[in-house]
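Okay, handing you the structure first.
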Amino acid sequence: MRLYTAVAAGGFRRHATYRVATAAGVFTNTVFGFILSYTYIALWDARPGLGGYAMGDALAYVWIGQGLITVCGLMGGGFEDELIERIRTGDIAVDLYRPADLQTWWFAANLGRCAYQLLGRGIAPLFLGALVFDLTLPSRPWTWLAFLVAVTLGSVVSFAVWYLVAMSAFWLLDGQGVVQIAWLGGLFFSGMLLPLNVFPGSLGEVARLLPWASMLQVPADVYLERYEGWGLLGAYAFQACWAALLLAAGRAAQAAATRKVVVQGG
Amino acid sequence: MAEAYEPAGAGGPGPAGRGLGGAWRTAGESWRTYRMVAAMWIRSTMTYRSSFALTLLSSFTVTFFDFVVILLMFGQVRGLGGFSFAEVAFLYGTAGTSFGLADLVMGSLPRMGKRVRDGSFDTFLLRPAPVLAQVAADRFALRRLGRLVQGVLVLVWGLVLLDLSWTPLKVLLVPVMLLSGALIFAALMVLGASALFWMQDAAEVTSSFTYGGNTMLQYPPTIFAQDLVRGVVYVVPLAFVNWLPALYVLGRPAPAGVPGWTAYASPLVAAVCCAVAGWAWRTGLRAYRSTGS
């Protein structure tokens, strides 16, 4: 446990060294937040109450999305490239000899990364958006806490998805194709482009059941206080189920992969 | 290696020759370098053919999802900011095609920050070939064709749906707009890459202007705050990529009190952008200090 705490702290510190990148990221998220906000305003002007969101809800959704892009890995988990590279070059053999579990190691490192991204890139866009646009803010202070829990669960689901993607590199060597496909799924089904409750008919129903819904749609709805009491627990359970399922799948893939690793020496 | 026989000083940092003759020689040499490096990366990509097919498909689909959002929006409303679906498709197609072209050729530039950081940028300086061409072709990704193809398809769709009275001038304006737009985007990418000499981690700022600009230009200017529209006319001249010429083609007035003749100004603006970007690149290259690693 001490080991993994240290790994998580390392993950936090490592990303904290890239301050210029963080500032650049906040800038980019803010620019996109502006562009998206205006398109949403045009849309909700024409169709008030679309998807059950008032204008302020829709705008809050935009800025939550910009804040969570890196935290919940909507466009890439932020660690899979490195892991795939280690698998491709064979460095992974060294990792496997360490007295630590591979998945837990990367989980801890990613948790540190998420914590940093939440502080560095998550809060600023939401704050800037609230300065310029009339966002819905939670009416109860503990909603923020409930939101934080949902974000944490969302980032765990994100880790589980991207870990599973990275494991595919054991078989495919070049993982870029699978990464792109996963990226595609994340982009569309996380609801980053348009809230999932605006997706029409069965496309919307399916989208709201997929794991990517845990990364933005569920946290945003928790923030917007659309879940109460048992409903809130249900939302958490939805996220936790996907997390457990995908983490288990990642573990199974890891076990199958490590059985076939052949160290080439050198 | 023909480059090795070039007179000393032909390569290296900055363009060697002054005057028009030197500029043409540098351009020709840049093109040769670019082609060679790009061909090398294409060969390397083709080693993993199935992976290439997947990335090409996903590059197409990622951009397609952008458009799905617009389709979903028009599933809910009849017009966006007073623009019909065909008009928005036209805006989307022109912005997407220009951006796709620029991204295909220059899309590798943001990688440069990483190379400056880890010191591998120095190898580019040692080769007797134009540095910008080498960096732009570095890890040339043919899959970016997917984005371009998608932009062209939507453009064609928009043109088919549009019911316009075409004049020769309007017909001519479409290809001019696409090429000038691509040049403006490319110039922004070079400008952003030049900033990486000082701030290696700031690659994302460029994408907010390129990707962000592309997204913004897909929508009608009427939905944005007018100050923002003025910003992309007078500060970062993205409006010249498609908005100003496209509004003329669509028979709509220019936005935010911008004079009407700006519809034809795109090539001029593109030339100025390229000149500024070239100057910034040379300045950055001169200021470059290797990390020594």
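Heads up, residue numbers simply count up from 1 along the chain you see.
Each residue, glycine too, has its Cβ placed from N, Cα and C.
Below, the features straight out of TrEMBL:
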TRANSMEM  B:52-77  transmembrane segment
TRANSMEM  B:89-109  transmembrane segment
TRANSMEM  B:148-166  transmembrane segment
TRANSMEM  B:172-198  transmembrane segment
TRANSMEM  B:232-251  transmembrane segment
TRANSMEM  B:263-281  transmembrane segment
Do the transmembrane segment (B:148-166) and the transmembrane segment (B:89-109) share at least 3 Cβ pairs under 8 Å, sequence separation 6 or more?
yes
Which one of these stretches, B:52-77, B:89-109, B:232-251, B:263-281, has the most C-beta pairs shorter than 8 Å to the transmembrane segment (B:172-198)?
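Going through each listed stretch, the top one turns out to be B:263-281.
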Which residues of the same chain, at least 6 past either end of the transmembrane segment (B:232-251), have a Cβ under 8 Å from a Cβ in it?
87, 90-91, 94-95, 98-99, 162, 164-165, 170, 173-174, 176-177, 180-181, 184-185, 188, 209, 213, 216-217, 221, 258, 260, 262-266, 269-270, 273
List, by number or range, the same-chain residues at least 6 past the transmembrane segment (B:263-281) whose CB is under 8 A from its CB atoms?
132, 173, 176-177, 179-181, 183-184, 186-188, 190-191, 193-195, 237, 240-241, 244-245, 247-248, 254
